[in-house]
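Straight from TrEMBL, the features:
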{"type": "BINDING", "residues": "33, 57", "note": "Mn(2+) 1 binding site"}
{"type": "BINDING", "residues": "85, 88, 213", "note": "Mn(2+) 2 binding site"}
{"type": "BINDING", "residues": "88, 89, 90, 119, 164, 165, 166, 186, 187, 188, 210", "note": "substrate binding site"}
């Protein structure tokens, strides 16, 4: 991919973040997400790429825009696959909570795992612990192996995990081992990136979250030379074996089979993101551990964006000041 595309993609996540911010704290996560989706799509269609959405808002019959398989861009230039999460943390945006982001990952054609929208078990570490993880082993064995790779005792290991009821026993198990656990309400893409940032104290991300977010995480972890394994899980294996969960879970397993993906198999990083020729952009909506949130006074807004180019392993933090009334009229409709 042309390196000048990176700044274009930062403009895409900035627009999505600004659109989501308009609905900050208003309790309506669906409207916030819809605004971000619209703004992101408008900006993507101005970029000189022949793009295909491979991780998006759902299947074509589930989402009006940014659905899986949708073509975006002008149709000129690089042929790329795109994974999007217009708001990573819709609930956090709706409730005015920390760590909400607008996220985009772009890679060469065929780069990303075409994961169905289901659950994924994820284990992620930074470059210093690369090669030390294996989802076929127990969590305890993995934590010991990561600690050994980092040359530190378990008592100094820091693990981030989503604070969900499904993780209560896992959190207790890790704390019993003496591991320091940061339980966060949402936002495992941001947390996964922190495992690879030099100034972060997070060593490991573990837990069960969304598979689409897992592929986005894989893209940026590959770009940052970290390591990750994932395992696709059916709904009834995560949420309980009710009739409804079993019905949905069987549909997920059938979709995996149709796509040639083996659910329950430990997937390596290079099976989820097949190249480090990736561009990743994330713009903060609310202040978080990774990025500052948007501040706005009248029609002037300030954003912070993390822009990563995997091929050169360049990490940029971009602070931008936006005069919102000077934006493209189509975008203005979603941010003003």
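Any Cβ shown, glycine's included, is placed from N, Cα and C.
Predicted automatically and left uncurated, TrEMBL annotations should be read as such.
If you count neighbouring Cβ atoms within 10 Å for each of the binding-site residues 164, 166, the highest count belongs to 164. The binding-site residues in question are 187, 210, and the one with the fewest Cβ neighbours inside 10 Å is 210. When the alpha carbons of residue 88 (Mn(2+) 2 binding site) and residue 164 (substrate binding site) are compared, the span between them is 16 angstrom. For residue 213 (Mn(2+) 2 binding site), other Cβ atoms within 10 Å of its Cβ number 22. For the Mn(2+) 2 site, the Cβ centre of 85, 88, 213 serves as reference, and the other residues of the chain with Cβ at most 8 Å from it are 87, 89, 101, 103, 187, 188, 189, 210, 212, 216.
Rounded to the nearest whole angstrom, the C-alpha distance between residue 57 (Mn(2+) 1 binding site) and residue 85 (Mn(2+) 2 binding site) is 8.
Residue environment of residue 90 (substrate binding site) contains 23 other Cβ atoms, counted within 10 Å of its Cβ in all protein chains. Taking a C-beta cut-off of under 8 angstroms and a sequence separation of 6 or more, residue 33 (Mn(2+) 1 binding site) has the following same-chain neighbours: 20, 86, 87, 90. Residues 88, 89, 90, 119, 164, 165, 166, 186, 187, 188, 210, recorded as contacting substrate, have a largest CA-CA distance of 20 Å. In the three-state DSSP scheme, residue 213 (Mn(2+) 2 binding site) is classed as helix. Using a 10 Å Cβ-Cβ cutoff, residue 88 (Mn(2+) 2 binding site) registers 26 neighbours. Sequence-distant contacts (6 or more apart, same chain, Cβ under 8 Å) of residue 85 (Mn(2+) 2 binding site) comprise 55, 101, 102, 103, 104, 189, 212, 213, 216.
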